[in-house]
Amino acid sequence: DGPESNTSEISSVILLGFSNIGSFRWILFIHFLVIYCGTICGNLLIIVLVSTSQNLHSPMYFFISHLSTCDIMLTTDIVPNALYCLLEEVGIMCFTCCLAQHYFFSVALCFECLLLAVMSLDRYLAICSPLRYTSIMKMEFCRYLVFMSWSLSLLLVWVLTVSIYLLDFCRPNVIDHFFCDLSPLLHLSCSDTSIVQQEATLLTVPLVFLPFIFITYTYICIISSILRIRSLTQRQKAFSTCSSHLTVVSIFYGTLSSTYVLPTNGQIVKVSKSLSLLYTVGTPLLNPIIYSLRNKDIKQAFTKIIDKLFL
């Protein structure tokens, strides 16, 4: 009867996942498994290459290795449980596990937003202030930026998670999704969730919107600087140094906004799940592909490792 009940009334949650798809779930299971293995291998490869190759010991590749770490964290938090939901048709997990999944999922998203902003600062200084680049982007400063990005994400998302935990949960413990996202999680609560929703909105300002505004500003400056370069060859070289990052930013924020920013009136659940797949499963796979296929240094480092192993 009292507020002390908290999560005691719901000890587990049922994730409907991709129910009612019949035999197609086995095809989806194989696709998810292949994508998951490819994502882990691709991102681990980038981490190993950056760690072991001397020519990749620079700020940009240091940030890329942390992006790969974040992608591994995100996909490992989501995909194994989605595979379990496909195998069993529905997934059952303890309520604390559900909160933990939401926590690490949110931390990964927020960290990626902050890291992409840090990477845009790196590209901005490299193109717009090349003479000051080496004096500013020292490895100590890069480590500090990454440390602060992780710390802010872990701490601020923890505050939100505690607020969610303190709610009363007494409604049917069924979530029509393949992971514990905020909206379906709050729907299980019989408490007033308006304060938690306001808190979540406030936290998106420093963790999502301000990084996006900063990225937009830096790329306006970058594109303006590139257009002022007279030599076409130098202009193409300057743009190629930031094209991979710009592609990753576009895909990440594009898929994220399609799920959380655009109006959802009339949006069916299947569409919402499909959009969620884009940034929880798709982007962690695409990121290492984008940075490896369009980067000569990573290709050279990979070739050297292959030569050492087989020659």
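Cβ atoms are placed via backbone N, Cα and C, with glycine included.
Annotated features, as they stand in TrEMBL:
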- 42-291: domain 'G-protein coupled receptors family 1 profile' (DOMAIN)
- 26-49: transmembrane segment (TRANSMEM)
- 61-83: transmembrane segment (TRANSMEM)
- 103-121: transmembrane segment (TRANSMEM)
- 141-167: transmembrane segment (TRANSMEM)
- 207-226: transmembrane segment (TRANSMEM)
- 238-256: transmembrane segment (TRANSMEM)
- 276-293: transmembrane segment (TRANSMEM)
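Only pairs six or more apart in sequence are counted, and the transmembrane segment (26-49) with the transmembrane segment (276-293) gives three or more Cβ pairs under 8 Å, enough to call it a contact. For the transmembrane segment (207-226), the residues of the chain that approach it from at least six positions outside its boundaries are 109-110, 113-114, 116-117, 120-121, 123-124, 127-128, 152-153, 156, 235, 238-239, 242, 246, 249, 253, 256, judged by C-beta separation under 8 angstroms. Of the ranges 61-83, 103-121, 141-167, the one with the most Cβ pairs under 8 Å to the transmembrane segment (238-256) is 103-121.
Confidence annotation: the domain 'G-protein coupled receptors family 1 profile' (42-291) carries a mean pLDDT of 90 in the model.
Residues 15, 17-18, 29, 32-33, 35-36, 39-40, 42-44, 46-47, 50-51, 91, 93, 101, 104-105, 107-109, 111-112, 115-116, 118-119, 122, 139, 142-143, 146, 178-179, 248, 280-281, 283-285, 287-288, 291, 297-298 of the same chain sit 6 or more residues outside the transmembrane segment (61-83) yet have a Cβ under 8 Å from a Cβ within it.
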